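Peer 1: Annotations for this protein, taken from TrEMBL, read as follows:
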type	residues	note
BINDING	C144, D146, H203, C206	Zn(2+) binding site
Amino acid sequence: MPWRVGSRARPVLSYAATELRLSEGRRSSSAALGDSLQRCFTCSFTGLHWSRLEDEKNMEERFWNNRIASVYCTNFRKLSTATHEERKTIHPEDADRTGEDNEKLFSEIKQRFLYFKKNKFLKEAENYQALAKLQSPKFMVIACVDSRVCPSNILGFEPGEAFTVRNVANLVPHSEFGPSETSAALEFAVRSLEVKNVLVIGHSSCAGIEALMSMKDTESRSSIDKWVTKGQAAKLRTKSSAAHLDFYQQCKHCEKESVNESLKNLLTYPWIKERVGKGELTLHGSYYDFANCTFEKWTLHVEGEEISVKDHTFWC
């Protein structure tokens, strides 16, 4: 099927990827809680109901027993799936192999590129040529930098369908924080490309949310700490409404709560609020659990100053 192509703007944006050093230390699971405590919920909006938590221990074991590489492509070898503990142990004799290993990695990536060119680009040359001139995405996607959360892989976006920005913990700062890379991307997508949908994707085991939840006010803050504090309101609501849960479950709660906070923050930008009010732009929240491969999605309903949730669905 030909792609829909057409746009009012013709710029090219490039993004510099930054690494987030994720802590992969496993937490011990707490004793099983009663039914009343086996639920994680958010209370930001009416209409977003409670959802049951699965046995955390079994969920973690399934994930780590079936872990896959960050970069994987059918018909090609997976990149290293070594654990964090295995990767951080460097022996002197291994140092000499670093260059050789990198050559192998890039050799694999090269083959994947050539496979893409042969089986996608050349076979759909007309569509790619049209995209080279114009873009008209229907979605603006805000996702985390976590290497396990790739919107195009998860949701099957084709080139030209989704204008994407990724940051630590998939946060949208309140407009009062001033300009940021995220707000700049939002403004371009909404005002220049005139996207019709903004989708914020939260995810399980988010190290950025864990950093936010574990941060002490007296700590000297790194760049990561300073960034994730923009989700402080979600943390405070989590601490209040999920105080009976253990730390790990509070983090899961905050992973969704922070999505709701980002959705509300989107409305602090006048050019977004105006378009939402006119029905020209729709805001969506979502949550991807990569241990179980489930996807939860909800849509923001704005009527004047009243905010609620509609079309809450669960894909599994």
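Each residue, glycine too, has its Cβ placed from N, Cα and C.
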Peer 1: Would you count the other CB atoms within 10 A of the CB of C144 (Zn(2+) binding site), including those on all shown protein chains?
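Peer 2: The answer is 25 other Cβ atoms.
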Peer 1: Is it possible to get the count of other C-beta atoms within 10 angstroms of the C-beta of D146 (Zn(2+) binding site)?
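Peer 2: Result for D146 (Zn(2+) binding site): 22 other Cβ atoms within 10 Å.
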Peer 1: Using the CB centroid of C144, D146, H203, C206 as the Zn(2+) site centre, which other residues of the same chain sit with their CB within 8 A?
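Peer 2: The surrounding set, listed in chain order, is A143, V145, R148, V149, A169, N170, G202, S204, S205, A207, G208, I209, E255, Y288.
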Peer 1: Three-state secondary structure of H203 (Zn(2+) binding site) from DSSP?
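Peer 2: Its secondary structure by DSSP: strand.
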Peer 1: Would you mind checking how many other C-beta atoms are within 10 angstroms of the C-beta on C206 (Zn(2+) binding site)?
Peer 2: 24
